[in-house]
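Trainee: Take this structure first; my questions come after.
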Amino acid sequence: MPKNSKAVKRELDDDVTESVRDLLSNEDTCDDSFKKSSLIVGGSGGAGEGKDLNGDMDVEDGGSDAEDDAARPAWNSKLQYILAQVGFSVGLGNVWRFPYLCQKNGGGAYLVPYLILLIVIGIPLFFLELSVGQRIRRGSIGVWNYISPRLGGIGFASCVVCFFVALYYNVIIGWSLFYFSQSFQQPLPWHECPLVKNKTTTYVVPECEKSSATTYYWYREALNISDSISESGGLNWRMTICLLAAWSMVCLAMIKGIQSSGKVMYFSSLFPYVVLICFLVRALLLKGSVDGIRHMFTPKLEIMLEAKVWREAATQVFFALGLGFGGVIAFSSYNKRDNNCHFDAVLVSFINFFTSVLATLVVFAVLGFKANIMNGKCVALNTKKIVGLLGNEISRDLIPHHINFSATVSAEDYQKMTVLIREVMEKDYQLLGLGSCSIEEELNKAVQGTGLAFIAFTEAMTHFPASPFWSVMFFLMLVNLGLGSMFGTIEGIITPLVDTFKVRKEFLTVGVCLLAFFIGLLFVQRSGNYWVAMFDDYSATLPLLIVVILENVAVAWVYGTDKFFEDLKDMLGFTPFRFYYYMWKYVTPLLLILLLGSSVIQLGMTPPSYSAWIKDLASEKSLSYTPWGLAVCISLVVMAIMPVPVVFFLRYFNIIDENAGVVSTISYKKGCIIQEIARPEEEDDASLIHAKSPSPMPGNSIYRKQNGGVPDSTPNGRYGIGYLMADMPDMPESDL
């Protein structure tokens with residue numbers, strides 16, 4: 001032992017004691033949000049960086065990032081946080097995909113498998129992501145690097161997927177902004193087909209006449225779409241301006257992090273509910289809306305036995321809650337440590353479910369009204385044909401006496417008349433050229449995605465009284481739904497990068513938005529709609545499934561479910577239901593692997609293709625991707641997943657040192673921090689303070705558990721000083 005070791009040790013002890021006294025003297029001036037105060041001196045580095053006073057790893061209570069945690073932003077209120085999570089999870093898919101799946105997969109019967117899978121997959125995984133974010137107080141990169149450095153690539157994969165999704169998701173917001181700007185007209189510009197005038201005649205545009213006014217406006221006026229993905233056609237300048245506006249809105253809302261986006265959430269999360277309720281009330285007052293709702297809730301129980309229904313329900317649950325994106329983790333990382341995240345998980349999950357049901361009610365009420373309008377047009381057209389055929393092909397005796405052709409023929413009278421004609425004429429009925437007029441057939445025309453929002457719904461609104469008002473409200477709702485999801489998606493990129501690389505959030509936000517805008521120009525070409533479809537199909541589905549499977553395995557099998565339950569008990573103040581133990585460890589991973597396998601099989605059995613709008617045919621046609629298109633599809637999946645194996649091998653072969661950056665930190669969680677840099681060269685007794693004690697000292701450990709127990713050692717076998725002032729106010733200084 002060096003001669004001056006006792007003097008050095010005495011000086012260091014005096015320094016620590018004086019620091020404690022100074023900190024205690026400033027106790028009243030510190031932030032009240034940290035009532036559970038702690039003074040920690042602990043070695044940190046790599047995988048073992050900063051364990052909490054229970055011996056578990058905890059970035060907040062120590063380690064090299066303690067100073068950052070003390071200044072970490074926090075939500076202004078619990079309501080703001082809940083609205084942020086609801087805004088992120090409730091998105092465009094609730095409005096234009098869930099109703100389609102409900103219609104396609106058995107109507108009301110579809111709600112049963114969806115609700116079951118929400119409970120066994122959705123809520124446990126959502127609770128898991130909320131818990132790890134709140135416990136570790138880091139974005140996705142920091143969280144999974146903290147759980148296991150070799151699995152740190154999960155966080156990077158989440159960031160890549162978020163970036164891919166943000167690229168095309170904001171394009172959809174741009175489309176909604178375009179329609180919103182065009183809605184301040186009476187009549188609406190997509191109300192009827194445009195006319196072409198030449199020197200002699202005026203006629204309807206052939207492309208519009210073959211399709212419909214709303215379909216023509218969407219493909220030709222809004223997108224000015226090309227015939228295939230290979231035909232770029234140049235930039236659509238109107239959509240380019242809308243995309244710039246969308247990214248500007250996102251950037252301005254996110255530039256200050258949750259301080260700015262949290263305030264926007266009050267409007268962007270609540271306004272869609274106001275619009276949906278207004279639409280529902282208005283639609284219920286329209287003729288035929290009840291037909292649509294009845295069609296929705298008429299269960300087809302036999303469809304529930306098909307595996308495809310359960311697979312699609314699981315996929316919808318998975319994406320509806322925003323699992324794997326990192327946005328859920330990022331938002332929860334700004335919470336207080338004792339927040340009841342289990343309550344949040346259940347609450348947000350069921351709000352999401354009831355929002356989907358509410359949106360489905362609105363959609364089917366409006367589509368029921370539209371089906372009655374279309375059926376009325378069909379009846380009127382066929383009635384004219386029947387009047388022209390009377391006395392020749394059709395005998396007047398076949399027409400019921402109470403039907404008056406000089407007035408409007410009702411749908412019920414038309415059905416009676418056609419049934420009678422069909423029974424008498426049998427084989428010759430087909431030669432009459434009478435179209436089938438049925439409300440059920442109209443409602444069975446499955447429409448989803450952009451087809452539902454920009455074609456079917458816009459067509460229905462043209463028949464609304466005061467249609468411009470309802471169009472403005474609808475597309476403003478779509479913009480708000482999209483922005484709520486975009487905030488969570490961008491937060492899933494920004495928060496992990498800020499936590500990991502310590503860059504200024506403002507600069508990073510502007511940089512990400514600028515980069516995304518310039519890459520997003522790919523989606524505002526005339527062929528941009530096909531690129532949106534490609535990214536939607538291939539950049540998220542498989543990568544996110546793999547990411548969530550790895551998240552589940554990392555917590556349940558690498559970190560340990562038992563240990564995680566202890567962390568939850570310490571954090572929440574109660575032990576979660578044992579139900580979650582079995583879900584996380586066995587049921588949910590198995591179901592996710594089955595879902596992944598079925599998704600891969602489906603992709604293998606279905607050749608990659610996209611729906612192209614052919615101008616000459618005025619209809620959609622399924623086209624196969626070119627070889628370079630297939631290469632892009634494969635590249636999207638590979639690039640999203642590549643960070644996982646890359647980081648694993650870099651860590652496994654020690655190319656990246658897991659124990660780099662050893663720093664000892666004294667942190668007092670009232671916002672007052674003193675920091676010491678470790679001096680590994682010292683070999684005297686002072687190394688105790690600098691986390692370099694070569695061996696444990698049984699029976700006299702100075703690293704104290706919060707509950708009064710004594711652990712054997714600190715991270716990586718080093719010793720630290722833990723002094724919980726809230727629990728041990730009278731602890732003598734000699735113990736230091």
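Cβ from N, Cα, C; glycine included.
Annotations for this protein, taken from TrEMBL, read as follows:
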type	residues	note
REGION	38-69	region 'Disordered'
COMPBIAS	55-68	compositional bias 'Acidic residues'
TRANSMEM	81-99	transmembrane segment
BINDING	GLY87, VAL90, ASN94, LEU481, SER485	Na(+) 1 binding site
TRANSMEM	111-132	transmembrane segment
TRANSMEM	153-180	transmembrane segment
TRANSMEM	235-255	transmembrane segment
TRANSMEM	264-285	transmembrane segment
TRANSMEM	313-334	transmembrane segment
TRANSMEM	346-367	transmembrane segment
BINDING	ASN352	Na(+) 2 binding site
TRANSMEM	469-495	transmembrane segment
TRANSMEM	507-526	transmembrane segment
TRANSMEM	538-559	transmembrane segment
TRANSMEM	579-605	transmembrane segment
TRANSMEM	625-650	transmembrane segment
Trainee: Out of ASN94, ASN352, SER485, which has the highest number of nearby Cβ atoms, where nearby means within 10 Å of its Cβ, if these are the binding-site residues?
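Mentor: Compared across ASN94, ASN352, SER485, the most Cβ atoms within 10 Å surround SER485.
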Trainee: Quick check for the class: what is the C-alpha distance, in angstrom and rounded, between LEU481 (Na(+) 1 binding site) and ASN352 (Na(+) 2 binding site)?
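Mentor: Counting only the Cα atoms, the answer is 12 Å.
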Trainee: Could you give the residue numbers and ranges of same-chain residues that sit at least 6 residues beyond the transmembrane segment (153-180) on either side and whose C-beta is under 8 angstroms from one of its C-beta atoms?
Mentor: 92, 139-145, 222, 238-239, 242-243, 245-247, 250, 324-327, 450, 453-454, 458, 471-472, 475-476, 478-479, 482-483, 485-486, 489-490, 492-493, 496-497, 512, 516, 519-520, 522-524, 528, 531-532, 535-536, 539-540, 543-544, 546-547, 550-551, 554, 636, 639-648
Trainee: Considering only the binding-site residues VAL90, ASN94, SER485, which fall within 10 Å of the residue listed as 'Na(+) 2 binding site' when distances are taken between Cα atoms?
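Mentor: Those close enough are VAL90, ASN94.
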Trainee: Using Cβ distances below 8 Å and needing 3 or more such pairs, separated by at least 6 in sequence, tell me whether the transmembrane segment (81-99) contacts the transmembrane segment (346-367).
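Mentor: In this chain the transmembrane segment (81-99) contacts the transmembrane segment (346-367) - 3 or more Cβ pairs sit under 8 Å.
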Trainee: Just going by other Cβ atoms within 10 Å, which of the binding-site residues VAL90, LEU481 has the emptiest spot?
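Mentor: Each of the binding-site residues VAL90, LEU481 was scored; lowest Cβ tally within 10 Å is VAL90.
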Trainee: Do any residues of this chain, six or more beyond the ends of the transmembrane segment (111-132), have a C-beta under 8 angstroms from a C-beta of it, and if so which?
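Mentor: 102, 143, 147, 304, 309-310, 313-314, 316-318, 320-321, 323, 328-329, 332, 341-342, 344-346, 348-349, 353, 357, 548, 551-552, 555, 564, 567-568, 571, 576, 580, 583-584, 587-588, 591-592.
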Trainee: So if I measure Cβ to Cβ from GLY87 (Na(+) 1 binding site) and keep only same-chain residues at least 6 apart in sequence, which ones fall under 8 Å?
Mentor: MET265, SER268, SER269, LEU483, GLY484, SER485, PHE487, GLY488
Trainee: Around the Na(+) 1 site formed by GLY87, VAL90, ASN94, LEU481, SER485, which additional residues qualify by having Cβ within 8 Å of the site's Cβ center?
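Mentor: Apart from GLY87, VAL90, ASN94, LEU481, SER485, the close residues are VAL86, PHE88, SER89, GLY91, LEU92, SER269, PRO272, THR355, GLY482, GLY484.
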